[in-house]
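See structure below.
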Amino acid sequence: MALDADIKAQLNQYLQLLENDIVIKVSAGTDEVSKEMLALIDELASMTPKIKVEKAELKRTPSFSVNRVGEDTGIVFAGVPLGHEFTSLVLALLQVSGRPPKVDQKIIDQIKSIKEEYHFETYVSLTCHNCPDVVQALNIMSVLNPNITHTMIDGAVYKEEVESKNILAVPTVYLNGEPFASGRMQIEEILDKLGQGAAVEELSNKEPFDVLVIGGGPAGASAAIYAARKGIRTGIVAERFGGQILDTLTIENFISVKETEGPKLAKALEEHVKEYPVDIMNLQRAKHLEKKDGMIEVELENGAVLKSKTVIVATGARWRNINVPGEQEFKNKGVAYCPHCDGPLFAGKDVAVIGGGNSGVEAAIDLAGIVNHVTLLEFNDHLKADEILQERLNKLPNVTVITNAATKEITGTDKVNGLTYVDRATGEEKHIELAGVFVQIGLVPNTEWLRGTLELNQIGEIIVDKKGATSIPGVFAAGDCTDSPYNQIIISMGSGAIAALSAFDYLIRN
Ligand SMILES: Cc1cc2nc3c(=O)[nH]c(=O)nc-3n(C[C@H](O)[C@H](O)[C@H](O)COP(=O)(O)OP(=O)(O)OC[C@H]3O[C@@H](n4cnc5c(N)ncnc54)[C@H](O)[C@@H]3O)c2cc1C
């Protein structure tokens, strides 16, 4: 197997950074994948004298482990880690050789203190862009703690194993032989799931904040930066730092950045926040907010209570799911939720929009200008969108409206290829061939925990004024969780800045 010349040149540079010798133990057979794996390892070994190769009998064949001299680390690759996993291989080689992983010292200490034996196995596909984060996080844990091992398993090579475990999405992680998690996860999330997260007392003992931001998406990050730049004590509590953009692939409308990817923007947000003395409490979910003796108290899911003089709620929203087979598997692989954002990716193709309310009809009109053909599916026997929107829709030559359509399944192989629905009038099952499906059955604001506390509108959005003020003095809100008419990154960031400046103004006046 010959590596592409560019990759080879890059690899050569990285391998010069190896600090100490490493031993690759290989379990190979005579099959094609084994041959490909052996060729890759030979190529690695030919580039540096620091890599030694030994034959071994590992649990799976083909597979290989990456070890220190005289000490197994427990990092195994079952398959050939090319594609998106190539970086995971390079990082594993560097880290096993002694180069420190790029994670906070606090996290390194947490990993090193784990006493339990944890054997992780992660099923991946080499085209999955969410998988490397998980593989790399678990490899770091294996490098740092001898009680932890991790095997990356290429599902395409170990098909029977994947089928017998009924794994339909990657990454899927097993721990000590039992299902542990699936989907993108950061190292902090894994530690939290293992019960190694921040302690309740540590959180409760924190000094009161001047501004406490709840939510770590674009709105929360922007609010935290604006607050911290005023030199006031700022904290940020987030269930998942990054928010919705972590689930977004291509972003082309974040003005001044022609094109980026959601996870890249989320990383940039975090790095920007970390430039300031902001206390980031990631993986913490707020469950109650109350004003007591002039202070606002925020209770977290784990029981800890944080106090602050002002609070900015920026808990965002989530797309309402249709919950049919295929939706989760093909998210970002043809199943989309944001026509403004993802529409251009389907230029010239056939797509469907599910939902005949205002957002569905607006999406269909918007998409009709870009794609080849739009099929709009509505569950009821008529569209619910405003008349004026329906009139515009009906004038479009490349839109078909199907009412009484109950979506049954979104179909595909590695990406969406169609949709099956049941005609509710006749009971007949029908299938349409498509490249994309836009689910437009509404957004749900993450405000259930504020019902009865803050004034919300009919659909649960926090009602705010021009300054981002809510019904409780000192509590501000920003972004998708508010009654703002549009939900976009740039708008959320702007409203986060407004809320922070208003909170500062409130502090100096009170
Ligand atoms: C698939 C997809 C593609 C998109 N593409 C684009 C695009 O190309 N361009 C664009 O401009 N917009 C796009 N959007 C919309 C954009 O992502 C949102 O408008 C933006 O992320 C909203 O930011 P936010 O900070 O208000 O909320 P969110 O991003 O939703 O962040 C909310 C934050 O609050 C946290 N949180 C929620 N509840 C709690 C709680 N109880 N306690 C603590 N923390 C909590 C979450 O974990 C998260 O950190 C897309 C959205 C999706 C889903």
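Yeah, the Cβs are placed from backbone N, Cα and C, and that goes for glycine too.
Unlike curated entries, TrEMBL annotations are predicted automatically.
Quick look at what TrEMBL annotates:
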type     : residues         : note
DOMAIN   : 124-194          : domain 'Thioredoxin-like fold'
DOMAIN   : 209-489          : domain 'FAD/NAD(P)-binding'
BINDING  : 210-225, 470-480 : FAD binding site
DISULFID : CYS338-CYS341    : disulfide bond
BINDING  : 350-364          : NAD(+) binding site
Close to ligand 1, in the sense of Cβ under 6 Å, among ASP210, ILE214, CYS338, ILE354, ALA364, THR470 as recorded positions, are ILE214, CYS338
If you measure between the CA atoms of ASN358 (NAD(+) binding site) and SER222 (FAD binding site) and round to the nearest Å, you get 30
The most crowded of the binding-site residues SER222, ASN358, THR470, judged by neighbouring Cβ atoms within 10 Å of its own Cβ, is SER222
Taking only the CA atoms, the spacing between ILE354 (NAD(+) binding site) and GLY474 (FAD binding site), expressed in whole angstrom, is 40
Of the binding-site residues listed (PRO218, GLY356, GLY474), the greatest number of other CB atoms within 10 A surrounds the CB of PRO218
Within 10 A of the CB of ALA364 (NAD(+) binding site), the number of other CB atoms across every chain shown is 32
Looking only at the recorded positions PRO218, SER222, CYS338, THR470, GLY474, ALA352 (NAD(+) binding site) has its closest CA neighbour at CYS338
Students should find that the Cα atoms of PRO218 (FAD binding site) and CYS338 (disulfide bond) sit apart, in Å rounded to an integer, by 16
Cβ proximity for ILE214 (FAD binding site), under 8 A, sequence spacing 6+, ordered by residue number, returns GLY220, ILE236, VAL237, ALA238, ALA286, LEU289, VAL298, VAL311, ILE312, VAL313, ALA314, THR315
